[in-house]
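Per TrEMBL, the features are as follows:
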- 37, 45: [4Fe-4S] cluster 1 binding site (BINDING)
- 46, 49, 54, 68: [4Fe-4S] cluster 2 binding site (BINDING)
- 261, 296, 334, 447, 477, 527: [Ni-4Fe-4S] cluster binding site (BINDING)
Ligand code: MSK
């Protein structure tokens, strides 16, 4: 039973304990929810007005139209693009937060933050077409922040968002412009989706889906700016050796788990933890303060600072079941509301920090960038106080932790390649793709989902693709899966990579001073950092003079779950990338929408969705797509 939930051994070790203690977990609630609503699974339930809810009979016997007259195609299309709007809003709100912080730093209003990567700031300014010669860092930062905020303010529909226009290939921009799919303003596009899906508005499924594509591209824009400006403020990822899984918790330390997404909070908590280490020791924690990450905040601090990852999305409750977490500090997105109830079974402080993301039963520390250090000090003090209340008898830390070599953002990958060819860093990568040493590239992204065995599909697919010489990139909770299962190590490369891939990874890793190969899977960051993979792909495409839909590049979200994942998957398709989903999307109640997303998209965009629940078969399908692309390029 347990191993059907997850292949994570730490989860397997703790689930019986949760059961013994009477603690309900995500898997218990999933079981209690069965059977789940078939109408919802097909996407044919409409709750957009109070004449409803309406639902379309998928077997053709009952109603084929809702009370207003909307059919299954309209309902499914409206539902899915509303998910995209939510995903785009989530990522871009995160991005706006970071952009405003950069503006505050530039104007000297946020003493608790600073620009940690001036070189990246200059590179970003150049990318956005801003003149930097003779300008001081604060002035450049201000211009970058204002140009970025323009992507939330521009009212000229014919001028696409700056970040989008600055980061894609010319051919891709032309193709998207031809479909009227280029967003001009993130906020406006999200609003348009909500407006056009109101009762009595857009009923054309193809038109709705195209509106969703525009929303997804707004999501891309928001992710891009969030990632790049976070690098400016907090540092650009560099390779680091760290560890993953619940064994990173320490019995003798104040364990603080940072969980959520936005580094504005977690970075300052990390800074304060260093300053307050002695205080923790005085409270009896011989190991001082131990910061660990969960979900994408975990990925953010992992790739930038090598802070260990406790776990990924689906097992966030398990961290609490160890009885060793003194505080779980959360900001936004992917935080299960159940954590406050489980925290209350122990001594654990669950601390919410954002006024618009609160959980009943949690302690709320109102986080403001203007008072960040003061807020973080309060948070760390709460954790130390909780540590004093910890019951050592209830501490069960599963002895599972894997080494993880992480921190492969674009700059780190290019830097490693430059060790082989300083004048033309992309050449070794392009040559390896051209001569078949690297058969293709796969980006693994996305969440965990109770519909699949946690981590299982990620691991199965990655091993098979690597054996077939596919270079693997990962972000988000997918990256968390690989880190927990030891696939971000040099040993994994030795064990699982096909011979030619191993040769390339060894040559690059050795030249870059890693004393051996690059890890089997390259950790690029959190789910908001998927734009890093696009940056690498665009550089390769531009170098070859082709568009993204010609590259042997695929994406996969084997355990997709969130609305953000729907948005990411859709922009991946819009950029021309064949995109695999390992969970059934809630669209199959409409043959028209299903066809649009899995077939018509290929003609319109070059990218398309592929649904395959079996990970072994999914890997085969991705290999076939890669080979098709290679044939197209004549390599
Ligand atoms: S946290 S969106 S479960 S990747 Fe980014 Fe993980 Fe998916 Fe949340």
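Every residue number used here counts from 1 along the chain in the order it is shown.
Any Cβ shown, glycine's included, is placed from N, Cα and C.
Please treat TrEMBL annotations as automatic predictions, because they have not gone through curation.
Here the features listed in TrEMBL are painted onto the structure.
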residue	record	DSSP (3 states)
37	[4Fe-4S] cluster 1 binding site	coil
45	[4Fe-4S] cluster 1 binding site	strand
54	[4Fe-4S] cluster 2 binding site	strand
68	[4Fe-4S] cluster 2 binding site	coil
261	[Ni-4Fe-4S] cluster binding site	coil
447	[Ni-4Fe-4S] cluster binding site	coil
477	[Ni-4Fe-4S] cluster binding site	helix
527	[Ni-4Fe-4S] cluster binding site	helix
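Taking a Cβ distance under 6 Å to any atom of ligand 1 as the criterion, the binding-site residues 45, 296, 477 reduce to 296, 477. Just so you know, of the binding-site residues 49, 54, 334, 447, 477, the Cβ with the fewest other Cβ atoms around it within 10 Å is the one at 49. According to DSSP, residue 296 ([Ni-4Fe-4S] cluster binding site) sits within a helical segment. The distance from the Cα of residue 45 ([4Fe-4S] cluster 1 binding site) to the Cα of residue 527 ([Ni-4Fe-4S] cluster binding site) comes to 29 Å. Of the candidate binding-site residues, 37, 46, 49, 54, 68, the one lying closest to residue 334 ([Ni-4Fe-4S] cluster binding site) when CA atoms are compared is 37.
In sequence order, 295, 299, 312, 313, 333, 476, 526, 562, 564 are the residues of the same chain, not among 261, 296, 334, 447, 477, 527, whose CB sits within 8 A of the CB centroid for the [Ni-4Fe-4S] cluster site.
The [4Fe-4S] cluster 2 site is defined by 46, 49, 54, 68, and by the 8 Å test on Cβ atoms against their centroid, the other residues of the chain that qualify are 47, 48, 51, 52, 53, 66, 67, 70, 75, 199.
When the Cα of residue 68 ([4Fe-4S] cluster 2 binding site) is compared against those of the binding-site residues 37, 261, 296, 477, the shortest separation belongs to 37. Rounded to a whole number, the C-alpha distance linking residue 54 ([4Fe-4S] cluster 2 binding site) with residue 261 ([Ni-4Fe-4S] cluster binding site) is 35 angstrom. Within the same chain, residues at least six positions away from residue 46 ([4Fe-4S] cluster 2 binding site) with a Cβ under 8 Å of its Cβ are 52, 53, 54, 55, 66, 70, 75, 78, 79. Residue 447 ([Ni-4Fe-4S] cluster binding site) sits 30 Å from residue 49 ([4Fe-4S] cluster 2 binding site), taking the C-alpha atoms as the reference points. Taking Cβ-Cβ distances under 8 Å and a sequence separation of 6 or more, the neighbours of residue 37 ([4Fe-4S] cluster 1 binding site) in its chain are 45.
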